[in-house]
Amino acid sequence: MKKVILFFTVMVLFSYKIQGLHRYWNDNTVNGKKYGEFSDEERVEMLEGTKRMFHFGYDNYIKYAFPDDELNPIYCTGRGHDHADPSNININDALGDYILTLVDSLDTLAIMGNSSEFKRAVSLVVENLSFEKANTIQVFEATIRVLGSLLSAHLIITDPNQPFGDMVPPQYDNELLSLANDLATRLLPAFENTATGIPFPRVNLKHGVPVNSVNTTCTAGAGTLVLEFGVLSRLLGDPTYEAFARRAVKRLWSFRSNVTGMLGHVINVQTGEWVGEMSGLGAGLDSFFEYLLKTFIMFGEDEDLKMFNESYETIKFHMRRGRQRCNYGNGYPPIYVNVNMKTGITFNNWIDSLQAAWAGVQVLKGDIEEAICSHALFYSIWQKYGFLPERYNWHLKAPDVLFYPLRPELVESTYLLYQATKNPFYLHVGRDIFNSIDEHAKAKCGYGTVHDVNTKSLEDRMESFFLSETCKYLYLLFDKDNHVNREQSKYLFSTEGHLFPVDRKLRLKPWQKDEFDTYAKKKKRKVASVVNARHNATYSNISTPLL
């Protein structure tokens, strides 16, 4: 537990180290005057704006799309699994006919303090959600979007302190946990019958791994499951789920290059052969590194921290280009590029929008100077186009892939950097992001995917992560009094932006009976002492709170 406290202490106390980095924003220059202040009136205005943005998308999803998975915001219709074209993985990997947008939005409602709608949404999920469907979906997407949200909402409901308001639906009987258990059980066949223990990328919710399943998967997809599977295992007292997920991570790690220490982005689940030898911080690899750190923070396993630290040093050695120091010295500002996993040679000339989340990982690591520069690169691209193109060619200084599906990664790192530094510059960044989305992506009944960042044309699709993450991080950026921000060391966000408490109970393994019994006895003694203290206080007319 001391190691976890140390991590978050670093987050809170590092500001004295980076004062020099903010002179540019806080001086009397034009930029200093623009970014050095953000009034409380402006902050409240943005808080209300982000709340309106969320509810415009959410309310219209409920009105026009529920119980489908997503809202088509231009024609105001619903979208679900593409049964006519099972090969359409762009749709079918994420959409499983399981009320995706509603499920994914549950903890956003709670964080915003909307008790009545949260309770109603939970009831709608309990009454309508079923996984008994012959749909083939991606294990990774189902885990981070659906399983993670069910677990997060369940923990919010069962929190005895109810810090977001009364979020307990009438007669709640652990239904969300039961649904999470059901879904995870249907995902387990992906881990079976692979020679490596690395899971197949897809399963059929009703029939298991399809007979025509491919034998290749991306590193992030196979290695970003431990947080959700681990929380489920510890809530159920069943080690099976966490064991499968951890085995996959360890096997991926064992196949890293013995020359560079890096992993590729696509691997054969049967042979362990790297089919894709690109190593980077974007699509295919991003959340693998993120979860090595976050699972250590959540569960306290030293092996996770060891893997993360080794990865971090390897990444900085092989992928980082530019001057040695982030904010001063000769040469170009730093950039992390895609490289060949076996040689460290630059693999291509593009970065992708998912890499914008890396700055947030660097904040959790405590490498704030590097986080500031990582974030600044992607914000400069946002300023140029008003959005982040899916891929940006840093050599040509132009987009390679033009669309932007309202991804949250830049907002996420903006929020985490603001929490770390409290510099008003990041509030200005958040306002720029909000204004771009509200001005260019707003459609008749929601917010649409930007088809082309140059022309600002839209596609008729609002992905679930827009409400689950983009709106959530924007809201928290401007809500300085939110419980999450006041108690930031007690919470951790999943890669889908779902909120999990950093709780000693979730660091215990109930299947290790001696450890769990020791905790239970200590807890029982603490409760007994509190009861006795209250009893004594009552008869001594002591009015001072004891807890």
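Including glycine, each Cβ sits where the backbone N, Cα and C put it.
Because TrEMBL annotations are produced automatically, they should be read as predictions rather than curated entries.
Residues or ranges marked as signal peptide by TrEMBL: 1-20.
When Cβ atoms from all protein chains are considered, those within 10 Å of GLU141 (active site, proton donor) total 21, not counting its own. Residues annotated as active site, proton donor in TrEMBL: GLU141 (among others).
Taken from TrEMBL, the feature active site applies to ASP286 (among others). Around the Cβ of ASP286 (active site), the number of neighbouring Cβ atoms within 10 Å comes to 25.
Positions annotated as active site, proton donor by TrEMBL: GLU390 (among others). Note: GLU390 (active site, proton donor) has non-local neighbours ASP352, SER353, PRO399, VAL401, LEU402, PHE403, TYR404, PRO405, i.e. same-chain residues 6+ apart with C-beta under 8 A of its own C-beta.
A C-beta separation below 8 Å, combined with a sequence spacing of at least six in one chain, links GLU409 (active site) to SER353, LEU354, GLN355, ALA356, ALA357, GLY360, PHE378, LEU388. Sequence annotations record features per position, and here TrEMBL assigns active site to GLU409 (among others).
Taken from TrEMBL, the feature Ca(2+) binding site covers THR495. Applying an 8 A CB threshold to same-chain residues 6+ apart, the list for THR495 (Ca(2+) binding site) reads ILE144, THR224, LEU227, SER287, GLU290, TYR291, LYS294, ALA357.
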Could you state the whole-number distance in Å separating the C-alpha atoms of GLU141 (active site, proton donor) and ASP286 (active site)?
-> 14
